[in-house]
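Chemist: Have a look at this one.
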Amino acid sequence: MQKRAIYPGTFDPITNGHIDIVTRATQMFDHVILAIAASPSKKPMFTLEERVELAQQATAHLGNVEVVGFSDLMANFARNQHATVLIRGLRAVADFEYEMQLAHMNRHLMPELESVFLMPSKEWSFISSSLVKEVARHQGDVTHFLPENVHQALMAKLA
């Protein structure tokens with residue numbers, strides 16, 4: 001039986017840190033679903049459709065990644081996708097407490113759903129989509145932190 005994992009997030013936009021995590025996850029699992037949350041309460045810069053398209057382009061080189069948008073409760077989405085592993089990236093100790101709460105709640109809602117925490121490579125450990133957008137808004141160079149297609153889309157949004 002295939003081991004299916006979900007890597008959820010808002011990915012507004014997807015960064016090289018996210019690509020690092022999903023790439024490493026593809027080496028651990030047969031099928032990785034990059035699940036892009038609608039997250040209307042976060043007021044994303046990119047629409048869900050744009051985020052899905054950008055992520056599909058940025059992960060096209062990874063054969064066992066499927067990019068999908070979702071707005072469901074994570075445990076229900078995982079169950080519907082027949083996934084038993086939830087991948088979460090941890091950048092710093094500060095991320096851990098919140099992620100632990102989410103993991104416990106997801107486990108309560110779906111006991112067979114296991115959370116796996118991956119640390120990004122050192123090079124990406126300090127970046128977030130929010131930080132990249134903030135730097136870009138102030139004309140800072142963010143080319144190193146984003147896939148090329150995402151960088152172009154971000155610059156177009158900010159123009």
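Cβ atoms here come from the backbone N, Cα and C positions, even for glycine.
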Chemist: From T10, T143, grab the residue that Swiss-Prot records in the same substrate site as K42, M74, R88.
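Modeler: Given K42, M74, R88 bind substrate in Swiss-Prot, the matching entry from T10, T143 is T10.
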Chemist: Check T10 (ATP binding site) against DSSP and tell me helix, strand or coil, would you?
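Modeler: Note: T10 (ATP binding site) is coil by DSSP, not helix or strand.
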Chemist: Out of the binding-site residues listed (T10, E99, S125), which are within 10 Å of K42 (substrate binding site), Cα to Cα?
Modeler: T10
Chemist: May I ask which of the binding-site residues T10, H18, L90, S125 is closest to M74 (substrate binding site) if we compare their C-alpha atoms?
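Modeler: In terms of Cα distance, M74 (substrate binding site) lies closest to T10.
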Chemist: Let me know the DSSP-derived helix, strand or coil state of R88 (substrate binding site), please.
Modeler: strand
Chemist: Taking every protein chain in this structure into account, which of the binding-site residues H18, K42, R88 has the most other Cβ atoms within 10 Å of its Cβ?
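Modeler: Answer by Cβ density within 10 Å: H18.
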Chemist: For substrate, with binders T10, K42, M74, R88, what's the maximum Cα separation in whole Å?
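Modeler: Greatest Cα-Cα span of the listed binding residues: 19 Å.
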